[in-house]
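S.K.: Just passing along the structure, written as structure tokens.
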Amino acid sequence: MGFRKPPDGGWGWVIVVVSFFTQFLCYGSPLAVGVLYVEWLDAFGEGKGKTAWVGSLANGIGLLASPVCSICVSSFGARPVAIFSGFMVAGGLMMSSFAPNIYFLYVSYGIVVGLGCGLLYTATVTITCHYFDKRRGLALGLISTGSSVGLFIYAALQRELIDLYGLDGCLLIVGALSLNILACGSLMRPLESSDSPPPEKTCVDKVPDQYFVYHEKEKTVEENISILEKGYTDEKCVSNMPDYKQDSALNKNVLSSVNVNEKDSYKKKVVEQTNFCKQLAKRKWQLYLNYWEETMVLFKNKVFSALFVAILLFDIGGFPPSLLMEDVARSANINEDDYHMPLISILGIMTAVGKLTLGILADFKWVNTLYLYVTTLLMTGVALFAIPFAKSYLTLAMLSGILGFLTGNWSIFPYVTTKTVGIEKLTHAYGVLMFFAGLGNSLGPPIVGWFYDWTQEYDTAFYFSGFCVLLGGFLLLLAALPCWNACTNQSSKLPPNTYSYKVASSA
């Protein structure tokens, strides 16, 4: 069943609004988890590395599971997935308020909430792409700012709720707010089909013709011959019988022929199902082989290989400040009276500004998006090196703003990937890169926390983070400078695209 042409408006703007609020409600708490991180350190008394796993899982598990999320949305539709994921996010947040230890939070907050956010992101992006074509970039840009606005508001909201109702009450209230995702999801009605549905096919018609291939023709012929011979023999016997016995024999022959037909149809059905399974398994195995062959071809591109290393190192080193900046301020003995705004809120609002600004810059023809992306990596590394020297709220606030703005380079990452591998390979390449981005998100904060547990200070940890980001930036720069045109324009013949593969982007 085909969908009609995207309307680029109408109900599509309702989809944009509800997708914006969906990302606002689901990503607000996980992205602002740094406020909760400080409270969990005091509540459970565990090490910083072990506690950091909660926030890193919540932000990384959605990217790691992006292929699964895409399959769910493709199979069930955006509306059912959004409603189900709303229950996941709300339930995970509420369960986290009853957590007896940090290991419970790994499951309730890290896995349940993180996977729910990944499903919701995929659902919002997919339904928006269905409704928009010419204005798709604008629509996706608007809904992507929902997560950044959520980070800005939830950082202050969660701190205020903790002061009023405690950590448990804060998680219960935030979980209750997340139930509004159900209302947003219910408005994500699918785009109507262009034609009336075709008449329902029978079970046999639904099976492709190429699966009815029998490699047992000889056996089938032998069975048919034996059946014919048996029928001919029975007919001769019946003709030689007396009349009074012929009727009973005829009845028996009819019954036996019915049984033979039933057995024959049953055998045929078994053969059909067996060969269908064989053909399907062979086809699926070929798809997997094609997928891995195309992946290997992608890694032959030097710029793509450097980009893979850069995104992994960037997320290992660049993501921890969004989780640990509040604890950095507390470790620097900064007076809470000096706080005019949570550092995470500053980081969040500047991320939104960075996404819009860098996205606009990438549209200028004279701007090379790869060099622009490399510049953001190098500047991020320098800013991370400066964190150990920040001993006041003002300097930490300035660094938070700079890091937030540079983190907005997520908006130009698809541009860079397209320039590197071409539009026809974008989906495959972006999926591979997003998986490793999720791996970096998951590993970064625990590594920085372990450095603190080992040295009892954050200086070494952020030197390590800055080194990771700078290393990724320099490797990408070295791969791009000598042969940028050769790498981006090299044509490697791929096997035919016989698979369908979708991915979820990062928030």
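Each position is counted from 1, following the chain as shown.
Glycine is treated like the rest: Cβ placed from N, Cα and C.
Found this in TrEMBL, in case it helps:
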- 12-33: transmembrane segment (TRANSMEM)
- 53-74: transmembrane segment (TRANSMEM)
- 81-99: transmembrane segment (TRANSMEM)
- 105-125: transmembrane segment (TRANSMEM)
- 137-156: transmembrane segment (TRANSMEM)
- 162-183: transmembrane segment (TRANSMEM)
- 303-319: transmembrane segment (TRANSMEM)
- 339-358: transmembrane segment (TRANSMEM)
- 370-390: transmembrane segment (TRANSMEM)
- 396-417: transmembrane segment (TRANSMEM)
- 429-452: transmembrane segment (TRANSMEM)
- 464-484: transmembrane segment (TRANSMEM)
S.K.: Are the transmembrane segment (429-452) and the transmembrane segment (81-99) near each other by the rule of at least 3 C-beta pairs under 8 angstroms (pairs 6 or more apart)?
M.R.: no
S.K.: Compare 105-125, 137-156, 162-183 by their Cβ pairs under 8 Å to the transmembrane segment (339-358) and return the stretch that comes out on top.
M.R.: 137-156
S.K.: Using a Cβ distance cut-off of under 8 Å, indicate which of 12-33, 162-183, 303-319, 396-417, 429-452 has the most pairs with the transmembrane segment (105-125).
M.R.: 12-33
